[in-house]
Amino acid sequence: MGPTSVPLVKAHRSSVSDYVNYDIIVRHYNYTGKLNISADKENSIKLTSVVFILICCFIILENIFVLLTIWKTKKFHRPMYYFIGNLALSDLLAGVAYTANLLLSGATTYKLTPAQWFLREGSMFVALSASVFSLLAIAIERYITMLKMKLHNGSNNFRLFLLISACWVISLILGGLPIMGWNCISALSSCSTVLPLYHKHYILFCTTVFTLLLLSIVILYCRIYSLVRTRSRRLTFRKNISKASRSSEKSLALLKTVIIVLSVFIACWAPLFILLLLDVGCKVKTCDILFRAEYFLVLAVLNSGTNPIIYTLTNKEMRRAFIRIMSCCKCPSGDSAGKFKRPIIAGMEFSRSKSDNSSHPQKDEGDNPETIMSSGNVNSSS
C-alpha cells in the first residue's frame with residue numbers, strides 16, 4: 001500500500017503546480033502553431049481587437065438599456081419579461097467577457113498562468129452558454145404557456161426560478177469543466193488549435209450540446225407555430241370569420257418572427273460550430289482557417305447584440321419604454337397611461353392598434369394562444 005500511495009500524491013501535486021506554470025501556455029501555443037502566428041500578426045490583431053471591443057461596448061450598452069427598461073416599467077414585471085431580462089443579462093456578460101478576453105490576448109496571453117487562462121476562456125463559455133440556454137428557456141416558457149392557456153392557468157413563479165437557475169448552473173458547470181480537469185495540459189496531442197489548453201473531446205462535447213440546444217429551440221418554435229395554425233383552422237371550421245382572419249394574421253406574424261429568430265441564431269452560431277468541428281477533426285498545424293477563430297467567435301458574440309432587437313424592440317410597448325429610457329424622460333404615470341387611454345367596455349380592454357404589435361392580450365380566451373408570440377411580442381398568462 002505504501003509504495004503505491006507516493007506516486008498518487010506526486011501526481012496530484014504536479015497537476016496542481018501545472019495550473020500556475022507560465023511555461024505551459026508557451027509550450028501549448030508553440031505546439032499548435034499559434035505562438036508564431038500571434039508574433040507575426042500582432043499589429044493586425046490589435047486593429048481588429050479595437051473594432052471588436054467597440055462592438056462589445058455597443059452590446060453592453062444595448063443590454064443595459066433593456067434591463068433598465070424592464071426594471072423601470074412595472075407592467076414588464078412578469079415572468080416572460082424576466083426571462084428576457086435574464087437573456088439581456090447573459091448577453092451583457094458575454095460582451096464584458098469578450099472585452100476582457102481581447103484585452104488579455106496577444107502578448108498578454110503568455111504572461112498568464114493556465115489557471116488564469118482557463119478563467120479567461122471559461123468566462124466566455126459561461127456567458128455564451130447562458131445566452132443560448134436563455135433562448136431555450138424563452139422557447140420553453142412560450143410553449144408551456146400556450147399549453148396552459150388551453151388547459152388551465154396556474155402560478156409559474158416556480159418554473160421561472162427553476163429555468164433561470166438551471167440556465168446559470170448548467171452554464172457554470174459547462175464553462176468550468178476544463179479548470180476542473182477536462183483539459184489537455186498533460187496530453188499535447190489531444191489539444192485544440194483554437195483553444196490550445198482545451199481537450200478536443202471537450203470541444204466536441206460543447207459543440208454537441210449547443211447543436212442539441214439549437215435543434216430543441218427549432219422544434220419548440222415549430223410546435224408553437226403549429227399550435228397557432230391549429231387554432232386558426234379550428235376557428236375557420238366554426239365559421240367565426242372575424243376571429244379566423246385575425247388568427248390568420250397573427251399566424252403570419254408569428255411565422256415571420258420564428259424565421260427571424262432561427263435564421264439569426266443559425267447565422268451567428270453555425271460558422272463557429274463548423275470551425276470547432278474542424279478543430280476536432282484536423283491534425284495540428286494542418287488547417288489554416290483555425291488561426292482565424294476570432295472572426296467566428298465575434299460572430300457568435302454578435303448574437304448577443306441581435307437578441308435585444310428580436311426579443312424586445314419588436315414589442316411595441318417595450319420599444320416605447322426603451323425610447324423613454326434613452327431620452328431620459330421620466331414618466332411616473334407612464335405605466336398606467338396606456339390603460340386609461342383605451343376604453344374598457346364590458347370588462348374587455350380594446351387596443352387602438354389593429355396590428356398584433358400590442359402586448360396586451362385580449363380577455364377573450366379564444367384569442368389568448370395567438371398572443372403569446374406575434375411580431376416579436378411575448379406575453380405571459382401570469
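Cβ coordinates are placed from backbone N, Cα and C, and glycine is handled just like the others.
Listed in Swiss-Prot for this protein:
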type	residues	note
BINDING	Arg120, Glu121, Phe265, Ile266, Ala267, Cys268, Trp269	sphing-4-enine 1-phosphate binding site
COMPBIAS	371-382	compositional bias 'Polar residues'
DISULFID	Cys184-Cys191	disulfide bond
DISULFID	Cys282-Cys287	disulfide bond
CARBOHYD	Asn30	N-linked glycosylation site
CARBOHYD	Asn36	N-linked glycosylation site
MOD_RES	Lys10	N6-acetyllysine
MOD_RES	Thr236	phosphothreonine
MOD_RES	Ser351	phosphoserine
MOD_RES	Ser353	phosphoserine
TOPO_DOM	1-46	topological domain 'Extracellular'
TOPO_DOM	69-82	topological domain 'Cytoplasmic'
TOPO_DOM	105-116	topological domain 'Extracellular'
TOPO_DOM	139-160	topological domain 'Cytoplasmic'
TOPO_DOM	183-196	topological domain 'Extracellular'
TOPO_DOM	225-257	topological domain 'Cytoplasmic'
TOPO_DOM	279-289	topological domain 'Extracellular'
TOPO_DOM	311-382	topological domain 'Cytoplasmic'
Ala267 (sphing-4-enine 1-phosphate binding site) to Cys287 (disulfide bond), Cα to Cα, whole Å, comes out at 22
Asn30 (N-linked glycosylation site) and Cys268 (sphing-4-enine 1-phosphate binding site), Cα-Cα, nearest whole angstrom: 30
Compute the C-alpha separation of Asn30 (N-linked glycosylation site) from Phe265 (sphing-4-enine 1-phosphate binding site), stating it in Å without decimals. 34
Over the topological domain 'Cytoplasmic' (69-82) the mean pLDDT stands at 86
Far apart in sequence but close in space: which same-chain residues, 6 or more away, have a Cβ under 8 Å from Ile266 (sphing-4-enine 1-phosphate binding site)? Leu214
At a 10 Å cut-off from the C-beta of Glu121 (sphing-4-enine 1-phosphate binding site), count the other C-beta atoms across all protein chains. 21
Helix, strand or coil at Cys287 (disulfide bond) [DSSP, three-state]: coil
